[in-house]
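A short write-up of the structure that comes next.
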Amino acid sequence: MAKVLTLLVLRLLMNLLLIGWISLWIIKPTTIWIQSWRQAEDTARHTFFGYYGLNFAVFSFPPIALSIVGLIYLSLLPQHHHPTRGGRGAAITVSRPAIINSFIGIVSCFEILALLLFLLFLAWNFYARVSNDFKKLMPVKTMNLNLWQLKYYRVATRFGLLAEACLSLLLFPVLRGLSMFRLLNIEFAASVKYHVWFGTGLIFFSLVHGGSTLFIWTITHHIEEEIWKWQRTGRVYVAGLISLVTGLLMWITSLPQIRRKNFEVFYYTHHLYIVFLVAFLFHAGDRHFYWVLPGMFLFGLDKILRIVQSRSESCILSANLFSCKAIELVLPKDPMLNYAPSSFIFLNIPLVSRFQWHPFSIISSSSVDKHSLSIMMKCEGDWTNSVYNKIEEAANCENKINNIIVRVEGPYGPASVDFLRYDNLFLVAGGIGITPFLSILKELASKNRLKSPKRVQLVFAVRTFQDLNMLLPIASIIFNPIYNLNLKLKVFVTQEKKPSNGTTTLQEFLAQSQVQSIHLGTDEDYSRFPIRGPESFRWLATLVLITVLTFLGFLIGLSHFFIPSEHKNHSGVMKLAASGAMKTAKEKVPSWVPDLIIIVSYVIAISVGGFAATILQRRRKHKEAPRMSKEVVIKPEERNFTELKPIPITEEHEIHIGERPKLEEIMSEFEKNLRGWSSVGVLVCGPESVKEAVASMCRQWPQCFGVEDLRRSRMKMNLNFHSLNFNL
């Protein structure tokens, strides 16, 4: 009872922090807030914390506090807890696809609502600022502008604030270990889309802001004078130009046409974000930067934690080479490491490339495989083909390689086993997109039947019969009735007319499939190189708190040292200020001094966080790991794919040759076999064409919006769409 009450209090606190931060953004452009905030800053200047401490506490700390409270909340939840299964009252769903477009992807109703609210906020912010500017137009001292030029110049300036709003949210969606999206059960693979949206908005508003400013400077013949100016106080224009150019370069190289063909160009160019953020700080000033700081702060700490984790080495224990040029890699893991189905890891193999990291879905279940973790990759690119060749060489070489060292980051995945909330599951996979469903089916096979979905329909589309070998890791689950999954599998082979081995059923084909199993690791490696995974949520919350206190301490300390303090001689200051003979302490020093203080404080704080993470990592590594052997990690009955014996089954799975799946017909057939009304989770993973086809089906399918609709209709189900695709 006490734990439930604690969770409720934490949830309330998170809502208050989020509402408070959003409210600050809404009231920020109002005249009342501007006047009140100036008075608050004047008062804070005479205190120990100063105006910088006040800005950090009000604008930067709420999102960071939300992250800390969220991590504590997640630490108190049962590990990978199962959400309550939805009933009739939960008929309405916000995951229903509303827009399906090849350029912007698949957008749900909830995402459209959130996007409209954000655009409404931007419109309000822009209107409030511009209307206030037009009421009190002040001429620019260095330029002689007429009325329309002055108005246009003010409008251009305010577009910069819209870019600032996008930048403040830009880095939150790409957090991994410290991601707040997992509180909404939104996976990293899905949240990357929001990063793209915010980045596009940032570049658009920045281009309007910078281009319009350059236009005014050009027509007034001040461009050469203004563009290279590094002002002692105020905005540094050359820094703004640097920020705009680097941001535009990152955006161009992230376009799908460039990113997919030249991933390395995209990857390395994106590291210019450091230059972009530093230039933005010098251009906008410290006061504006406090709004952007939360995302940057959490992203920097998250990056350091990932670097610390990725420095730990693991190894490949065994590999299974399938005839379709797919590889299953088995890695050792700590038995205490648990992860949700559909989780993924980032993998680096120094033997192939020291710098390239690639994401792969985990195909094993931590409920079943306590000592190992498995992934599968399809060899379709240079890096994956190199991995395949290296492992093949290791198998054929007389002097066999004892182990292949790898580095792993993750696992990352949903905070809860979300698919268990549905009464039934409809899974659609295309090619290598089957991988997240392998872990889901293994998880379902290990669960109590009462907690699992009643029926599971898997639609698997491949180009050739050889691609069906990717089903081998779950062959025993598919054909063995003891698992009682009530699984129906429909396989579609689109580019071949008959199998080369003359088989007629899926079971016969898989039984005759050739798999080359290679054991690389020694018995010692099973205990030397286990994957331990990210740190616990509670420890992460503590680390964030330590880091933020370090930042605040150095921010205040360095500011007191380098910026003249006013609170020591308050009476003298008031006399000088009344006579107009004194400028504020902020105006005494160049504007880049507070900016440098923020940078130095940030670097020190992140370094302290990285040092603490390194110490904990070493402590975990030096703890005595439980001894494991090859027999424990790789069970013969699970890994010997070539001895798949025919098992009598009650329902034969279907193979359709030379045709594509007709999803509407399959869904209608699936609905006929349901008893009573139920919620259906529709999960898809595969190429964009497959994802869009499934989304179109869900959008066109009739939907009920309440109990009365259900009574009047003859519908048996509501569809809830989820895409498991990972796209960088």
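The count begins at 1 with the first shown residue.
In case you wondered, yes, glycine gets a Cβ from its N, Cα and C as well.
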In Swiss-Prot, of the candidate ranges 155-176, 595-616, the one given as transmembrane segment runs 595-616
Which residue range, 8-30, 537-559, is the one Swiss-Prot calls transmembrane segment? 537-559
Among 194-217, 458-481, find the range that Swiss-Prot records as transmembrane segment. 194-217
Cα proximity to Phe360 (FAD binding site), best match among binding-site residues His270, His283, Gly413: Gly413
Taking only the residues in the domain 'Ferric oxidoreductase' (159-281), give me the average pLDDT of this model. 88
Contact count check, CB pairs under 8 angstroms to the transmembrane segment (537-559), set 56-74, 104-127, 316-336; argmax is 56-74
Residue among binding-site residues Pro359, Ser361, Pro411, Tyr412, Gly413 with Cα closest to the Cα of His270 (heme binding site): Pro359
Any idea of the Cα spread of the heme site, His195, His209, His270, His283, as a max distance in Å? 23
Whole-number answer please: how many Å between the C-alpha atoms of His358 (FAD binding site) and His283 (heme binding site)? 35
